[in-house]
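Enquirer: Structure provided below as structure tokens; questions to follow.
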Amino acid sequence: MCERLLPRHSASAGGWLCLLLPAALVTSYLHAQPECGATDAVHRLLIAAAIGMCLRTLTFLLTSYVKAATSIQFILNHLLPGIVSSLCVDRSWPFALPTGLLITSIYHFVYVKVFRGLPRTFTFGEAAIMVQGVLLFVLNAICRLWTLPSTDFNQLNAIMTSALLCLLLVCVALHLVRFLRKPLPFYMLMVLLLLAVTCAPVTRPLPLIALLEFLLKDPLRLLIILSDLLLVAVTCGAVSWQLKSSTRASTRVRKVFHLLILLVFVPGLIYQCTLLYLATGVALAIFVVLELLRLLQISPFAATLTQAFDSFKDEKDAGGLALTPFCLLIGCALPIWLTPCPCLRVGKDSQLLLLLLSGILTVGVGDTAASVLGSKYGRNKWRNSNRSLEGTVAFVLSILLSVGLLQLSGVLVMTQAKWFATIFATLNAALVEALTDQVDNLVLPLIFYIIVGLA
């Protein structure tokens with residue numbers, strides 16, 4: 001079966017990546033607190049689903065490379081993952097078994113569809129993380145959207161969840177109905193999407209009113225919004241400047257986006273966590289819409305977006321999808337999305353804040369330092385890798401220095417045990433960054449999050 005699918009060339013299968021999301025969900029479950037409300041049962045269901053999807057990926061890869069009897073392949077591929085998943089569901093077996101089998105079957109169907117629709121875009125492991133994430137989001141949305149939220153954070157979370165779910169349905173409609181891929185139907189569909197997001201009765205008051213009340217309530221919130229908009233303008237200026245050049249963006253130029261996202265996430269997490277949480281969902285939605293405009297060649301924006309993609313893409317953007325920008329945003333935001341009600345406790349729990357900074361520390365700080373300093377001063381290369389030992393040292397020192405500065409400023413409270421966990425997680429992430437051929441923007445935050453969280 002693997003032979004009929006087309007993963008990204010010149011990269012390994014990366015099957016081990018399918019283990020990361022289940023491990024991260026277990027880690028976040030260990031840090032769940034009673035003030036999060038009735039999330040325990042849903043969280044356990046998500047862990048069970050993630051375990052089933054992970055096992056389905058591993059059995060698929062195993063039976064693709066190792067010849068076995070048809071009956072054994074059927075048991076390994078279709079029955080075993082669903083049965084194991086159902087054993088992890090805290091319900092009676094008449095509910096758990098069909099649920100486990102259904103989830104793993106849908107997962108494999110979507111997994112194969114992704115490879116056929118976007119050939120040469122993902123490795124097997126990267127596709128596993130992406131499909132796991134989408135299906136876990138849908139499962140979480142189905143479980144939670146039936147109850148009206150009570151707190152500000154839960155209200156905004158419901159708005160973001162319903163908006164992204166509507167956007168996902170739009171993507172499915174565009175995939176199934178060719179007529180919608182023409183400019184006029186596409187823009188009409190976007191208008192309907194905007195109306196659904198702002199007027200759907202998922203909160204009281206309606207989402208548009210709830211959003212305006214939230215944004216205008218706090219002067220500091222408005223100040224951070226203005227600073228973020230300024231950074232967006234700087235980003236657009238950097239892209240426009242690069243497009244005027246006839247050369248492709250260098251590695252150091254691309255790392256400017258890492259720096260900009262660092263400047264957005266750190267103040268947001270410390271001072272306006274709920275606003276940042278909402279902004280990550282908005283940014284993801286904008287990325288998806290822009291990518292739809294480019295992929296479907298919708299005028300008048302398609303030509304400019306295609307030019308920008310060609311200018312900034314790197315070796316991992318081998319397929320049709322702009323993988324690296326998505327993974328940069330997702331990697332930085334994943335620790336926030338995975339953690340139950342992160343913004344209710346972020347000011348009280350420095351260990352939680354360190355977890356939420358996993359993406360920023362590894363991608364925004366460490367990976368940027370390794371890339372910039374390694375490309376300039378790197379002389380000693382790792383075996384079978386184009387990464388340098390000097391870049392790896394820069395990765396480790398930049399993260400530890402950043403954590404030290406956050407401790408000195410009083411943002412983080414670091415004990416000896418926390419320092420040990422941080423150093424151990426940083427060293428592991430540095431080795432993965434140096435040696436992996438997978439998209440490190442996606443992998444490094446999860447590795448750091450899991451190790452620090454379990455420690």
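The backbone N, Cα and C atoms fix where each Cβ goes, and this holds for glycine too.
OK, TrEMBL features for this one:
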type: SIGNAL; residues: 1-32; note: signal peptide
type: TRANSMEM; residues: 42-62; note: transmembrane segment
type: TRANSMEM; residues: 95-115; note: transmembrane segment
type: TRANSMEM; residues: 127-147; note: transmembrane segment
type: TRANSMEM; residues: 159-177; note: transmembrane segment
type: TRANSMEM; residues: 184-203; note: transmembrane segment
type: TRANSMEM; residues: 223-243; note: transmembrane segment
type: TRANSMEM; residues: 255-271; note: transmembrane segment
type: TRANSMEM; residues: 277-297; note: transmembrane segment
type: TRANSMEM; residues: 318-338; note: transmembrane segment
type: TRANSMEM; residues: 350-373; note: transmembrane segment
type: TRANSMEM; residues: 393-413; note: transmembrane segment
Enquirer: Six or more residues beyond either end and a Cβ under 8 Å away: which residues meet both conditions relative to the transmembrane segment (127-147)?
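Expert: Same-chain residues near the transmembrane segment (127-147) but 6 or more away: 7, 15, 17-18, 20-21, 25, 42, 45-46, 49-50, 53-54, 57, 103, 106-107, 110-111, 114-115, 158, 161-162, 164-165, 168, 202, 330, 442.
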Enquirer: So if I exclude everything within five residues of the ends of the transmembrane segment (159-177), which remaining residues of that chain have a CB under 8 angstroms from its CBs? That is, six or more out.
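Expert: Residues 117, 134, 137-138, 140-141, 144-145, 186, 189-190, 193, 196-197, 200, 202-203, 207, 210-211, 277-278, 281-282, 284-285, 288-289, 292, 296.
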Enquirer: Which sequence-distant residues neighbour the transmembrane segment (95-115)? Criterion: at least 6 residues beyond either end, Cβ under 8 Å.
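Expert: Long-range Cβ neighbours of the transmembrane segment (95-115): 5-7, 48-49, 52-53, 55-57, 60, 77-79, 81-87, 89, 122, 127-128, 130-132, 134-135, 139.
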Enquirer: Out of 184-203, 255-271, 277-297, 318-338, 393-413, which stretch touches the transmembrane segment (223-243) the most, going by CB pairs under 8 Å?
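Expert: When the Cβ pairs under 8 Å are tallied, 255-271 comes out ahead.
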Enquirer: Under 8 Å between C-beta atoms and at least six residues away from its ends: which parts of the chain pack against the transmembrane segment (277-297)?
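Expert: Contacts with the transmembrane segment (277-297): 153, 156-157, 159-160, 163-164, 167, 171, 174, 181, 186, 190, 214, 228, 264, 268, 305-306, 309, 320-322, 325-326, 329-330, 332-333, 336-337, 342-343.
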